[in-house]
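Engineer: According to TrEMBL:
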ACT_SITE  S62  active site, acyl-ester intermediate
ACT_SITE  K65  active site, proton acceptor
ACT_SITE  S122  active site
BINDING   K224  substrate binding site
SIGNAL    1-24  signal peptide
Amino acid sequence: MIRPFAKSALIAAIFLAFGASAHAQDGPGGFSTRATSAYVVDLGTGTVLLSKNADEPLPPASMSKLMTLEMLFEAIKEGRVALDTPFSVSQRAYQMGGSRMFLEMRDRPTAEELIRGIAILSGNDAAVVVAEGLAGTEDAYARLATQRARELGMDNTTITNASGWPDANHLMSKRDLVTLASYMLREHPEFYHYFAERSFTWNGIEQDNRVPLLDAGIGLDGLKTGFTSAAGYSLTGSARQGNRRIVFAYGGLDSPAARVQEAESIVNWAFRQFAEVTVAEAGSVLAQAPVWLGEAASIPLVVAEDAQALVPAIGASTLDARVEYDAPLPAPIAQGDVLGKLVVELPEMDAISFDLVAGADVAEGGFMVRAQAAALRLIALARGEVEDETETALN
């Protein structure tokens, strides 16, 4: 049946000979996490390796200090603050309990010193100093930080303070924490080295980095631990091996030792149990899409860059992929226009998608093209083969 005016989701199946894996409790390859919530992503490909209660808003504890640092990094990037800008220490900041940088009210720490006080020492006092310095009050900071979270796509985050101090309304999901950490890695790489510094001394008190396994030889190089009775022992971390980097967050463990063991398990599994494959090479034609009222009847759909994905390395099988676009595509079309998506189904994992772009230009057709299209439509109408334009199926 001909329906040239119908907006249609056209799907073409593609079969790719890459790996699948055995059934797993939490992730591919039989991996199981003891964390009550977790989210693991390969940063280069965007492949979600593990998702467990990842969108549930939960107490983040000190992991929410990553948002405090993000707000400071943005202020530095925009020129509102410099690394040597001094900050004042309020009585409220001085009196903060928990993990501390040990700031005194007479101190005037610079932005760089406060970065170290938060990234290395997880200082609650340092976090409050930054919040008050950027926004005037911690409450004002919390409103700005929540707004910033929404701008970054962190829909399950509500910030009520700068330190992660227990508050029933102070919540972040593990997906949001990974989103935040990934953004910081991409947009603020010049600051990332602070997270891996082994110790920092302030007012004569030397303290070690709170992040475990920095010297374990597994590539772990940041970011932030957290603990409260509600959050359990938690970690938002990142690790690099070779040309791959993963970012992960998990929580709900019952001891510091369990947190360390879980970090090692996740990192080893993520790097050993997956292989990177090229699903489609840049410029390769994945479909010919029909064009409406164009000088050409169809247009090639291609990927602009190599489409790469991670697949389970053990248990070779077949991946399914499909091409999706609205058909017919109206002319004119310029080469490089985004026209659809290549969607790749990954076994026991979230599907991933890549933009499909026009592989050529198609100009709008002239009088003869339009006349021919009109004639075909009249014939189709006479035969009862053209249905309402709002239909969404194309046979």
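From the backbone N, Cα and C atoms, a Cβ is placed for every residue, glycine too.
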Engineer: Far apart in sequence but close in space: which same-chain residues, 6 or more away, have a Cβ under 8 Å from the residue listed as 'active site'?
Structural biologist: S62, K65, S99, R210, K224, T225
Engineer: When you measure from the Cβ of the residue listed as 'active site, proton acceptor', how many other Cβ atoms are you left with inside 10 Å?
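Structural biologist: For the residue listed as 'active site, proton acceptor', the 10 Å Cβ neighbour count is 27.
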Engineer: Would you count the other C-beta atoms found within 10 angstroms of the C-beta of S62 (active site, acyl-ester intermediate) for me?
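Structural biologist: Result for S62 (active site, acyl-ester intermediate): 26 other Cβ atoms within 10 Å.
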Engineer: Which of the three DSSP states, helix, strand or coil, fits S122 (active site)?
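Structural biologist: Coil, per DSSP.
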Engineer: Taking DSSP as the reference, which of helix, strand or coil describes the residue listed as 'active site, proton acceptor'?
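Structural biologist: In the DSSP reduction, the residue listed as 'active site, proton acceptor' maps to helix.
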